[in-house]
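Trainee: So TrEMBL says this about it:
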ACT_SITE  E86  active site, proton donor/acceptor
ACT_SITE  C118  active site, acyl-thioester intermediate
ACT_SITE  H253  active site, proton donor/acceptor
BINDING   S210, K258, K262  CoA binding site
DOMAIN    4-175  domain 'Hydroxymethylglutaryl-coenzyme A synthase N-terminal'
DOMAIN    176-449  domain 'Hydroxymethylglutaryl-coenzyme A synthase C-terminal'
Amino acid sequence: MASRPQNIGIKAIEIYFPNQYVEQTELEKHDGVSTGKYTIGLGQTKMAFCDDREDIYSFALTVTSRLLKNYAVDPKSVGRLEVGTETILDKSKSVKTVLMQLFGDNTNVEGVDTLNACYGGTNALLNTVNWIESSAWDGRDGIVVAGDIALYAKGAARPTGGAGAVAMLIGPDAPVVLEPGLRGTYMQHAYDFYKPDLTSEYPYVDGHYSNTCYMRALDAAYSDYCAKEAKQLNGAAADGKPTLERFDYLAFHAPNCKLVAKSYARLLYHDYLANADAPAFGEVAPELRDMDYEKSLTDKVVEKTFMGLTKKKFQDRVGPSLNVATMCGNMYCASVWGGLASLLHYAAPADLHGKRIGVFSYGSGLAATFLSFRVKGSTETISKTLDIPARLEARKALAPTEYEAFCDLRKQAHLQKDFAPKGQTENITPGTYYLEKVDDMFRREYTMKV
């Protein structure tokens, strides 16, 4: 009997985002809002978007084919492929089945799609790790694909859109290892963000309520994570540090970058409640310790106090994971994993080696998990392959009016058959798949630009 796999985690990671964006400063002017509402209030710099030439099938084909090519992955070495997305083109046929055309005669590949708002990619990752740990594992690696096109109707939520996809090769002896037995999960029934209208790409969203749901889920998942770790350590604090100090870096699901800053601060508030007498909290108003929990979720004094205490460490520990989010916007299922890709590029391999990365994934409706990775090998190949700054720099800036025209093209294309996309292909980069046509039976055909 072969030995069980060890050090299961991320062996390779690839990211894709469309080749055009709109400046958030230009959107502020176009929308007639105050300067800084999107850039400071939301922490967003640019927003990626696409027209009717790209969709979730093309995104997934592009990012998966590039993972296979850029890391020289033999398609036959893949035994599981699972996709997390909430961008639905078909109520029956999975995105995963579309991707099977990349795997030639390797038809023995488990996995399909998983759906719950922005959480699907995380669920796909956990399923893939569980498969490798199980008796069903056949010795091959798995691929997880997470991607979405985040688009909103005109209004306050539209600047929080974005688009992108991430593909990850999961297997044993990985440089970025998922810490076994260490994850906290929180699930609840909530109507904070949902898509009941299948005739539209746009969601129904209660923004303030969704932010509160996010914070409550973060609290609960993090508390569960800490309890499991304490049990592993027989109640002793790891390295004698407060819980938040045990993470060298963190990546969060990023509906917007300002919410991530608030979330990191919230974790320190959690530590404060656990040990309010610690020297680090000497200047914190004592009444914050006894505040009603529900009130604390939206209390501005709590928020400002702990954002102030975490400002410097936030830049060092979370900042590298937000370079993609602030430049591309919310990628929904790909958001937190795009954050991890961002971190693995922008943090130097020497700085990452041996370090611990906390990850918080949230999907409305709701589902959330806090988990962690330990970097046990070199991330140099991953960092060089991602080459994120060059990819971001190569994109083309379009005006807000052009962005709105792209949105209109997508709206007109939604649910169409016997249809040819109207979007131009000139700005699509080589190696990117795009929609060629939809026939009279809704069958979609794609071409890869060479």
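Glycine too: its Cβ is placed from the backbone N, Cα and C atoms.
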Trainee: Any idea what the Cα distance is from C118 (active site, acyl-thioester intermediate) over to S210 (CoA binding site), rounded to a whole Å?
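Mentor: Just about 12 Å between their Cα atoms.
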Trainee: What whole-number value in Å do you get for the largest C-alpha pair distance within S210, K258, K262, the residues recorded as binding CoA?
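Mentor: Pairwise Cα check on S210, K258, K262 gives a maximum of 14 Å.
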Trainee: Taking the Cβ of E86 (active site, proton donor/acceptor) as the reference point, list residues of the same chain whose Cβ is under 8 angstroms away and which are at least six residues distant in sequence.
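Mentor: The answer is L115, N116, A117, C118, G120, D148, K195, Y332, C333, G363.
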Trainee: Counting other Cβ atoms within 10 Å, pick out the least crowded of the recorded positions H253, K262.
Mentor: K262
Trainee: I'm trying to understand the geometry here, so how far is the Cα atom of H253 (active site, proton donor/acceptor) from the Cα atom of K262 (CoA binding site), in Å to the nearest whole number?
Mentor: 12
Trainee: Using Cβ atoms only, which residues of the same chain lie under 8 Å from K258 (CoA binding site) while being at least 6 residues apart in sequence?
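Mentor: Once residues fewer than 6 apart are set aside, K258 (CoA binding site) is near I40, G41, L42, G43.
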Trainee: What residues, ordered by sequence, lie under 8 A Cβ-to-Cβ from S210 (CoA binding site) and sit at least six positions away in the same chain?
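Mentor: Looking at Cβ-Cβ distances below 8 Å from S210 (CoA binding site), excluding near sequence neighbours, one finds D192, F193, P255, S364.
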Trainee: I want the residues beyond S210, K258, K262 whose C-beta is within 8 angstroms of the mean position of the CoA site's C-beta atoms, in chain order.
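Mentor: Here the nearby residues are N211, Y214, M215, P255, N256, L259, V260, S263.
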Trainee: Just to be sure I understand the packing, how many Cβ atoms besides its own are within 10 Å of the Cβ of C118 (active site, acyl-thioester intermediate)?
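Mentor: Looking across every protein chain shown, the total is 31.
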Trainee: What mean pLDDT score does the domain 'Hydroxymethylglutaryl-coenzyme A synthase C-terminal' (176-449) have in the model?
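Mentor: A mean pLDDT of 95 is what the model gives the domain 'Hydroxymethylglutaryl-coenzyme A synthase C-terminal' (176-449).
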